[in-house]
């Protein structure tokens with residue numbers, strides 16, 4: 001069975017450094033950090049008091065105040081990013097094509113904020129105080145649900161929740177839905193709002209978060225000797241994926257082609273990768289096989305790079321394993337150094353960065369990388385963005401708790 005080609009024709013995003021794709025990209029190329037002190041709840045008892053927050057968010061032109069009360073913030077973020085992507089694509093929905101257009105949008109955690117609020121209502125006032133909208137306001141698949149309802153999309157609607165790999169997995173599976181003929185267009189990505197009391201407290205209890213409260217903007221420092229954990233980030237990233245001939249026929253703007261998708265499992269530990277990065281290497285190898293290219297053809301790797309002691313070293317080793325002699329030449333950076341870790345949305349926003357790197361032939365930096373750790377000796381594009389030429393392929397990595405891994409490869413077109 002021959003697969004159909006899949007291209008990217010629309011992009012949408014909310015991030016800690018910008019509320020649009022272009023404002024975010026401009027900030028990243030300038031090396032700007034979006035990490036700040038948490039101001040929406042009292043953090044005095046918390047070991048970590050900062051995160052990558054979405055700022056100046058207003059969605060009233062898209063979602064009424066009445067409807068906002070029925071949605072956790074992650075759903076609102078996802079809808080706004082989805083609308084941006086749909087508008088960017090210029091796609092017209094008709095009665096004829098609606099059955100061939102769907103959505104694949106996930107979240108690592110879902111509506112944690114409203115889960116907390118409704119639990120408080122339950123404890124204070126009993127079950128009658130729980131909102132009747134509690135369940136649909138918090139479950140993971142509701143970004144896809146709302147967007148299909150808003151646009152009348154009657155194709156596949158799915159939501160994959162695989163922790164921090166959710167964004168990549170939804171995009172990859174959406175591409176396969178198109179490639180194997182079950183849809184012509186898919187809105188795909190991820191959304192997250194985990195900077196809540198329970199989210200910050202839970203990751204803090206696991207000692208996964210940085211506690212650099214005296215200098216939050218320097219807290220996310222992938223591959224640096226002084227890294228002490230990741231930084232939570234909020235936001236959403238959405239891509240419109242489209243079958244190539246369908247996109248050409250309507251004269252769509254094409255950002256890139258999605259040519260490779262690879263997955264694997266560590267089968268090692270609940271939250272830590274093996275030191276040799278074998279699972280990450282396998283995901284990259286599978287993506288390269290799917291794309292039909294050699295590792296040496298990749299110009300840039302947008303790394304998972306979370307700023308954790310174990311994860312950063314394992315990924316560096318995985319890149320060395322897969323790229324071999326080419327490892328010293330490939331550019332590898334972690335945009336999480338500026339945005340923090342958007343969990344289930346990370347792979348989605350970072351796929352967009354990988355696509356824009358192809359468009360502009362520019363690679364965003366890894367900021368805060370002052371003293372690379374032992375074994376972390378790749379070209380991590382420290383401090384400043386890098387202009388390149390002739391870059392044809394980029395690779396985006398995402399790895400999650402439970403040992404789930406995913407890689408995507410994009411091609412300039």
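Placed from the backbone N, Cα and C atoms, the Cβ positions cover glycine too.
Positions annotated as active site, for beta-ketoacyl synthase activity by Swiss-Prot, on the basis of experimental evidence: 164 (among others). DSSP assigns residue 164 (active site, for beta-ketoacyl synthase activity) to a helix in the three-state reduction.
Among the features that Swiss-Prot reports, active site, for beta-ketoacyl synthase activity is placed at 304 (among others). Secondary structure at residue 304 (active site, for beta-ketoacyl synthase activity), as computed by DSSP, is coil.
Residue environment of residue 341 (active site, for beta-ketoacyl synthase activity) contains 28 other Cβ atoms, counted within 10 Å of its Cβ in all protein chains. According to its DSSP assignment, residue 341 (active site, for beta-ketoacyl synthase activity) is in a strand. Per Swiss-Prot, the feature active site, for beta-ketoacyl synthase activity maps to 341 (among others); the stated evidence is sequence analysis.
The platencin binding site feature in Swiss-Prot is assigned to 271, 308, 309, 310, 341; the stated evidence is experimental evidence. Using a 10 Å Cβ-Cβ cutoff, residue 308 (platencin binding site) registers 23 neighbours.
What Swiss-Prot lists as platensimycin binding site is 271, 304, 308, 309, 310, 341. Within the same chain, the residues at least 6 positions away from residue 310 (platencin binding site) whose Cβ sits under 8 Å from its Cβ are 272, 273, 275, listed in sequence order.
Model confidence over the domain 'Ketosynthase family 3 (KS3)' (3-412) is summarised by a mean pLDDT of 98. For 3-412, the entry in Swiss-Prot reads domain 'Ketosynthase family 3 (KS3)', with the evidence type sequence analysis.
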Which residues in the same chain, at least 6 apart in sequence, have a Cβ under 8 Å from the Cβ of residue 309 (platencin binding site)? 227, 228
Would you mind listing, in sequence order, the residues at least six apart from residue 304 (active site, for beta-ketoacyl synthase activity) in the same chain with a Cβ closer than 8 Å to its Cβ? 164, 280, 311, 315, 334, 336, 346, 397, 398, 399
According to DSSP, does residue 309 (platencin binding site) sit in a helix, a strand, or coil? helix
Starting from the platencin site formed by 271, 308, 309, 310, 341, give every other residue of that chain whose CB sits within 8 Å of the mean position of their CB atoms, in sequence order. 208, 229, 230, 272, 306, 307, 311, 312
